[in-house]
Amino acid sequence: MLLLINVILTLWVSCANGQVKPCDFPDIKHGGLFHENMRRPYFPVAVGKYYSYYCDEHFETPSGSYWDYIHCTQNGWSPAVPCLRKCYFPYLENGYNQNYGRKFVQGNSTEVACHPGYGLPKAQTTVTCTEKGWSPTPRCIRVRTCSKSDIEIENGFISESSSIYILNKEIQYKCKPGYATADGNSSGSITCLQNGWSAQPICINSSEKCGPPPPISNGDTTSFLLKVYVPQSRVEYQCQPYYELQGSNYVTCSNGEWSEPPRCIHPCIITEENMNKNNIKLKGRSDRKYYAKTGDTIEFMCKLGYNANTSILSFQAVCREGIVEYPRCE
């Protein structure tokens, strides 16, 4: 008992003098100290102390043995993870078994090679040995495949010899001379996805492609512009606030040209200044500034103390492409 008190006092004095922190009793996950019940009363211990420990079944020390030594260092116990999981690679049905029976240690990863048409869940290609075992479990399951016969390509060809492609497989195609992809390149690629091929290959005559669609005043396209558009591509336009779109919202690429773009018609801006000049105000409204679209009817009335100086019909003015004729009161 006296020896234990001396050890504790020595450690306390060392800490008080700014020396390194001692080590508490080690918590060895999936293992433990040999004779730990006998050793526990002597903790904490000084830097430099070491003890033999063991690992549970399915675990091993970093040196690969059943037991080893754990050391108290300035940074704590070393090794920090005394017991590591052992994972043995299982036999793979529908896969290649070059790793069958091989041991991997916690933190190690390895690639899994499955037969064509098979793969790991979620299209993964590697598995990792973790504290709880393999993640994901090494098994080759039937996966989505894409057939070369489902590809329709005009004015181009696919040079690959395979007829079946696994999920996420990308293949290249080339266009014949005088033809190009939608991006203007001589070749492109498509990918096998869960619902089939990502797209059908496109090889179009260079003369049939369109450049960016024409700009319009007081409006813009609703999508980012491309450098090249394939035939029958459509682009949508929209106008700035208060402007009215006249014509079709869309233009279409055909024979290398775009269809007629729409126009954005100016609104009529009814200002307090113009109304004061004519001694009028908006009927039933108190706006100091009012926007009206082409075709809208704007109703005016005379200010208090003034009488109409123009026809009664003029007080129901119609907005025509940004122009409105104001009535007048005297």
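Positions of Cβ are set from backbone N, Cα and C atoms, glycine also.
Record features, source Swiss-Prot:
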type: SIGNAL; residues: 1-18; note: signal peptide
type: DOMAIN; residues: 22-84; note: domain 'Sushi 1'
type: DISULFID; residues: Cys23-Cys72; note: disulfide bond
type: DISULFID; residues: Cys55-Cys83; note: disulfide bond
type: DISULFID; residues: Cys87-Cys129; note: disulfide bond
type: CARBOHYD; residues: Asn108; note: N-linked glycosylation site
type: DISULFID; residues: Cys114-Cys140; note: disulfide bond
type: DOMAIN; residues: 144-205; note: domain 'Sushi 3'
type: DISULFID; residues: Cys146-Cys192; note: disulfide bond
type: DISULFID; residues: Cys175-Cys203; note: disulfide bond
type: CARBOHYD; residues: Asn185; note: N-linked glycosylation site
type: CARBOHYD; residues: Asn205; note: N-linked glycosylation site
type: DOMAIN; residues: 208-266; note: domain 'Sushi 4'
type: DISULFID; residues: Cys210-Cys253; note: disulfide bond
type: DISULFID; residues: Cys239-Cys264; note: disulfide bond
type: DOMAIN; residues: 267-330; note: domain 'Sushi 5'
type: DISULFID; residues: Cys268-Cys319; note: disulfide bond
type: DISULFID; residues: Cys302-Cys329; note: disulfide bond
type: CARBOHYD; residues: Asn309; note: N-linked glycosylation site
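Swiss-Prot feature annotations superimposed on the structure.
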{"residue": "Cys83", "record": "disulfide bond", "Cβ contacts under 8 Å, 6 or more apart": "Ile28, Lys29, His30, Gly31, Cys55, Asp56, Phe59, Glu60, Thr61"}
{"residue": "Cys87", "record": "disulfide bond", "Cβ contacts under 8 Å, 6 or more apart": "Lys103, Phe104, Val105, Gln106, Asn108, Cys129, Gly133, Trp134"}
{"residue": "Cys140", "record": "disulfide bond", "Cβ contacts under 8 Å, 6 or more apart": "Leu92, Glu93, Asn94, Gly95, Val112, Cys114, His115, Tyr118, Gly119, Leu120"}
{"residue": "Cys146", "record": "disulfide bond", "Cβ contacts under 8 Å, 6 or more apart": "Ile164, Tyr165, Leu167, Lys169, Cys192, Leu193, Gly196, Trp197"}
{"residue": "Cys203", "record": "disulfide bond", "Cβ contacts under 8 Å, 6 or more apart": "Ile153, Glu154, Asn155, Gly156, Tyr173, Cys175, Lys176, Tyr179, Ala180, Thr181"}
{"residue": "Cys210", "record": "disulfide bond", "Cβ contacts under 8 Å, 6 or more apart": "Val228, Tyr229, Pro231, Ser233, Cys253, Gly256, Glu257, Trp258"}
{"residue": "Cys239", "record": "disulfide bond", "Cβ contacts under 8 Å, 6 or more apart": "Asn218, Gly219, Leu245, Cys264"}
{"residue": "Cys302", "record": "disulfide bond", "Cβ contacts under 8 Å, 6 or more apart": "Asn279, Ile280, Lys281, Ala308, Cys329"}
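Fewest other C-beta atoms within 10 Å: among the glycosylation sites Asn185, Asn205, Asn309, that description fits Asn185. Note on the domain 'Sushi 4' (208-266): DSSP counts are 1 helix, 24 strand, 34 coil. Taking each Cβ in turn and tallying the other Cβ atoms within 10 Å, the top scorer among the disulfide-bonded residues Cys319, Cys329 is Cys319. The recorded positions recorded for this entry are Cys23, Asn309, Cys319, and the Cα of Cys319 lies nearest to that of Asn185 (N-linked glycosylation site).
The predicted model assigns the domain 'Sushi 3' (144-205) a mean pLDDT of 88. Asn309 (N-linked glycosylation site) sits 20 Å from Cys319 (disulfide bond), taking the Cα positions as reference. Nearest Cα neighbour of Cys23 (disulfide bond) among the listed recorded positions (Asn205, Cys268, Cys319): Asn205. Residue counts for the domain 'Sushi 1' (22-84) under DSSP, helix first, then strand, then coil, are 7 helix, 24 strand, 32 coil. When secondary structure is read from DSSP and collapsed to three states, Cys129 (disulfide bond) falls in the strand class. Here the domain 'Sushi 5' (267-330) is broken down by DSSP into helix, strand and coil counts: 10 helix, 24 strand, 30 coil. Annotation for Cys72 (disulfide bond): spatial neighbours Pro22, Cys23, Val45, Ala46, Val47, Gly48, Lys49, Tyr50, criterion Cβ-Cβ under 8 Å with sequence separation of six or more. On the backbone, the CA of Cys268 (disulfide bond) and the CA of Asn205 (N-linked glycosylation site) stand 46 Å apart. In the structure as shown, the Cβ atom of Cys129 (disulfide bond) sits within 10 Å of 22 other Cβ atoms.
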